[in-house]
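Colleague: According to Swiss-Prot:
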BINDING   E30, W31, R32, R62, R186, S205, Q209  3-dehydroquinate binding site
ACT_SITE  H118  active site, proton donor/acceptor
ACT_SITE  K143  active site, schiff-base intermediate with substrate
Amino acid sequence: MKIVVPVMPQNIEEANQLDLTRIDSTDIIEWRADYLVKDDILTVAPAIFEKFSGHEVIFTLRTEKEGGNISLSNEDYLAIIRDIAALYQPDYIDFEYFSYRDVLEEMYDFSNLILSYHNFEETPENLMEVFSELTALAPRVVKIAVMPKNEQDVLDLMNYTRGFKTLNPNQEYVTMSMSKLGRISRLAADLIGSSWTFASLEQESAPGQISLADMRKIKEVLDAN
């Protein structure tokens, strides 16, 4: 499994102060641009992409509807994504499928989409249908993050991931059950067929994230012969 570390600067000064030495061995950087006001995103972008030019980068606008910090119309959401893609060619672009499904057809020319679904309230009863709908679209990555209310919710997320990966071996999945209760799903990513796990530098970008330092240690143990 690859380790993804989110960075969440709230202004250009914080972007410039990001310490590369702390994340040098990280596989992928996720830029959570929703920590900025809309008009600052393109201003901060050059600092981010220059600083992380040696890493794979995910561009993410996590909206309030899915646990983030920004509210955007369909038009603004698409415009920002297209501007960033044209100027900086991020390796991956997160697209909130269920929040912006009506405009997905305008993204069909993007081959690097992460079609994502985030539910910070529950693990929905129709989780299998969520997996099916996203898988049928065959994006670069299917990402699903849900909140468990009990142990069975965690096991359901893990079992569905394993099952869909077995049936669709060429599709990349990134899944997690959030909070402390769901933390095992982050550690068992390889086992269940999830390609990435997310780790935090300091501030969590989602409940239950493990620190990068701890995740490196755990990964060493899991990868040891």
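Including glycine, each Cβ sits where the backbone N, Cα and C put it.
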Colleague: Cα distance, the residue listed as 'active site, proton donor/acceptor' to W31 (3-dehydroquinate binding site), nearest Å?
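Modeller: Pair distance, Cα basis, whole Å: 17 Å.
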Colleague: Tell me which residues of the chain lie with their Cβ under 8 angstroms from that of Q209 (3-dehydroquinate binding site), as long as they are six or more apart in sequence?
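Modeller: For Q209 (3-dehydroquinate binding site), the qualifying residues are R186, F198, A199, S200.
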Colleague: Consider the recorded positions R32, R62, H118 and say which one has the Cα lying nearest the Cα of K143 (active site, schiff-base intermediate with substrate).
Modeller: H118
Colleague: Provide, as an integer number of angstrom, the distance between the C-alpha atoms of E30 (3-dehydroquinate binding site) and H118 (active site, proton donor/acceptor).
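Modeller: That separation, Cα to Cα, works out to 16 Å.
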Colleague: For a quick check of packing: other C-beta atoms within 10 Å of the C-beta of R32 (3-dehydroquinate binding site), how many?
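Modeller: Result for R32 (3-dehydroquinate binding site): 20 neighbouring Cβ atoms inside 10 Å.
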Colleague: Roughly how many Å separate the Cα of R32 (3-dehydroquinate binding site) from that of the residue listed as 'active site, proton donor/acceptor', to the nearest whole number?
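Modeller: For R32 (3-dehydroquinate binding site) versus the residue listed as 'active site, proton donor/acceptor', the Cα atoms are 14 Å apart.
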Colleague: How long is the line from the C-alpha of H118 (active site, proton donor/acceptor) to the C-alpha of R62 (3-dehydroquinate binding site), rounded to the nearest angstrom?
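Modeller: Here the two Cα atoms are 9 Å apart.
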Colleague: Please report the DSSP secondary structure of R186 (3-dehydroquinate binding site), reduced to three states.
Modeller: helix
Colleague: Among the recorded positions R62, H118, K143, R186, which residue has the largest number of other Cβ atoms within 10 Å of its own Cβ?
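Modeller: For the recorded positions R62, H118, K143, R186, the Cβ with the most other Cβ atoms within 10 Å is K143.
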Colleague: Between E30, W31, which of the binding-site residues has its C-beta surrounded by the fewest other C-beta atoms within 10 Å?
Modeller: E30
